[in-house]
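Chemist: Please find one structure pasted underneath; my questions will follow.
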Amino acid sequence: MAQNGSWIKYVFKKVILRGAFLYSGCMVLNKYVGSIIFLTGDSMHPTIYDGDVVFTRTYNPRKHEIKKNDIVCVKSPTDRGILICKRVALLEHEYDNISFNDIRPSTRIAAGHCFLLGDNLYSSSDSRAFGPIPMGLIFSRVTYRIWPPNRIGFIEK
Amino acid sequence: MSTLWIITKRIGKVFGIISLPIAFCETIGHPASVVGASMEPTLRGNDARWWKNDIVWLSKIHKFPKNGEIFTYISPRDPKVHHVKRVTATPGEIIDVRNRPPMPLGPLEYWMLSDNAIVGEDSRYYGPVNIGLFQGKVVFILWPLSRFGSVD
């Protein structure tokens, strides 16, 4: 009977250990390589539709460079725990000619910040609402669409 | 059992063993070395000799930042750089600093100040820091042993 008990314990340990390996492996992949993300919402019509599934490449500021018109997933500056997916319209030091505002004169995007804009200007909450965001909030770049099958391919600039 | 499955299991196990400490560092915490004098006298990092700079334990398990706690975060000015400063105002509190009109902080914004006000860039320079930039909470000084213990 003691042998029976230790067999269960051994299997249990195997499940826990494999679970820990799997969890860690997925976390490392997500943090250092990229992920597969299911996108929702209309804010990126016509580039990205509701329900598209894409590959993303995690952003490492020391290795990668965010260029203008890249589509990025950023940690939302207004809602904790949500990733929002928008296009980088302006980079640091560029003049902000998008936030049309009679009160505020044309300002420059601060160092280390970028201005996000959804492709569907009518239905997108982006930097026009919450202002330029620090690049440290950028989590990944969207590279390739893998669903739906009729629109598989690299994301258009 | 096919050799393909055995190979997959082996690769998976190796990848898992390597990933486990990395995941630990990301979810539980890791030690980190202090650079710069902006948090003197609490944290010292201004010596070229590495063993003279403080080593602290950064915890990834923590509750929402409160006033007085020390956190590391990605600098809003340069995403390659991490800053370590103390929380002096939490969301909703009103900031009254020169050159800025008194305004309450947004729902996810924190005001970070250096303990050593003369040195270092902090919120007086780049404004409030969004919680999405926060990386870890400084809880313990691990080195030097003469100052081992909780911060403050």
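Keep in mind that glycine also has a Cβ here, set from the backbone N, Cα and C atoms.
Dumping what TrEMBL says about this protein:
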ACT_SITE  A:Ser43  active site
ACT_SITE  A:Lys86  active site
DOMAIN    A:27-89  domain 'Peptidase S26'
DOMAIN    A:94-147  domain 'Peptidase S26'
Chemist: Give me the CA-CA distance between A:Lys86 (active site) and A:Ser43 (active site), in Å, as a whole number.
Modeler: 8
Chemist: Around A:Ser43 (active site), which residues of its chain at least 6 apart sit with Cβ under 8 Å of its Cβ?
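Modeler: Result: A:Cys85, A:Lys86, A:Gly118, A:Asp119, A:Asn120, A:Ser123, A:Ser124, A:Ser125, A:Asp126.
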Chemist: Could you check what DSSP calls A:Lys86 (active site) once collapsed to helix, strand or coil?
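Modeler: Looking at the DSSP assignment, A:Lys86 (active site) belongs to a strand.
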Chemist: Counting by DSSP secondary structure, give me helix, strand and coil numbers for the domain 'Peptidase S26' (A:94-147).
Modeler: 10 helix, 19 strand, 25 coil
